[in-house]
Structure formats: C-alpha cells, structure tokens
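Q: Sharing a structure with you now.
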C-alpha cells in the first residue's frame, strides 16, 4: 500500500516513520491481460515496454527513494527529507498512475458505460459524447508529458475532468479521486502513432474498461 498523505493545500507526499519502518517494498503489478490483448488499438511492443520497463523503473526508483527517506527520518535530516520529495512524488505518482491505468483498459472494453456512472456523466457533462470530447481535448492539450483524468470530487459530489503534468498523482495534487486515467506520455503511443497524439486518443476509447471505471465510481461514492 502507499504511505502517502496529501491534502488540497499541499502536493507533498509525506511518509510517516512508523509506516516506512514496517513497509513492504512496492512491486510491479501483473497485467490482467496479455501484452498483445489490446491490439490493434495499442500494440504488444508498446505494452511490453510500457509495463515491464517504464512502470518497473518507477517501482524500483520509488523503493530506493523510500529507503533513503527512511534513513533521513532516522537521522532527523530534514534537508535530505525535503530533497527526496520530488523523487517520491514522481516515482510514487508513476506507480500509482500506471497501476490504475492497466485496470482502466481491457480487450473487452470500449463502447459506453452503463448504470450510475452513465447517469452521472450525463448529469455533469450533458452527454457521453460531450464527456468524451472534453476528456480527449484535455488529454490532447497536455503540454509535454502527463495525464488526462476523469475524477470524482467528493466534496461537491460530482465528476470532474483534469490534467496532471508528468507523473503527478491526481488525488495527491488535486484532491480528486481517480476513476479513469489516460497516459499521454510519448512512451504510451509513439512506437505506433508517432507524434500524432489525437490518433492514439481516438483509438484508446476502444479499450476503455467501463466496468472498472464504474466499480471505482461506486467505491468512492460509499
């Protein structure tokens, strides 16, 4: 589990000593499908590199950063603790984001959501088509690397679209609970779609796992 605590007023990821002292090392989660299962929309080579190389690197670097943070806490070295915050945020965010992303995709995905999630989308965005257009536009518009998100604003009881730079985790930086994340780092699509991000975004809607997104929505509403 993640030993991160955050609030709207602070994007810092703080790990308490007791938690770090007893923590288990983070591990790369298995994909719930084969690397080639999302073809032709996302090819096997991209999925293999994205999961086994990129996500694995975030996991490894997060474990290293947490170990150093644990040592800094034990020494009472506040300067070292502060200097490690960017590494914890970047690699911790990368691990959190990708762990959600893999489950947001499915070879049996696509189409439109049903039930409560669909009703909420219609209520907050007017229609599914409007929602899809807005999330696509926000994702296309991310400058450089980052993510487009559908999140749940628990305080206001509504769905919200947001973009996050780099690997900033949605909840840790905006307070929104992540439901659906679209990775728009070039490593997520370049081997297949080159620099044409809109083509990748058009294709990814064919593999969105609405059952997973709906399940996340139901959980955060409890």
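Glycine is treated like the rest: Cβ placed from N, Cα and C.
Curation plays no part in TrEMBL annotations; they are all automatic predictions.
Positions annotated as domain 'Manganese/iron superoxide dismutase N-terminal' by TrEMBL: 25-106. The annotation Mn(2+) binding site is assigned in TrEMBL to 50, 98, 183, 187. Annotated domain 'Manganese/iron superoxide dismutase C-terminal' per TrEMBL: 113-216, in sequence order.
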Q: Would you mind checking how many other C-beta atoms are within 10 angstroms of the C-beta on residue 50 (Mn(2+) binding site)?
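A: Result for residue 50 (Mn(2+) binding site): 23 neighbouring Cβ atoms inside 10 Å.
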Q: Would you identify which of the binding-site residues 98, 187 has the most other C-beta atoms lying within 10 angstroms of its C-beta?
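A: Neighbour-count leader: 98.
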Q: Just counting, how many other CB atoms are there within 10 A of the CB of residue 183 (Mn(2+) binding site)?
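A: There are 25 of them.
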Q: Neighbours of the Mn(2+) site 50, 98, 183, 187: Cβ within 8 Å of the Cβ centroid, same chain, sequence order.
A: 51, 54, 55, 101, 185, 188
Q: What are the DSSP helix/strand/coil residue counts across the domain 'Manganese/iron superoxide dismutase N-terminal' (25-106)?
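A: Going by DSSP assignments, the domain 'Manganese/iron superoxide dismutase N-terminal' (25-106) contains 59 helix, 1 strand, 22 coil.
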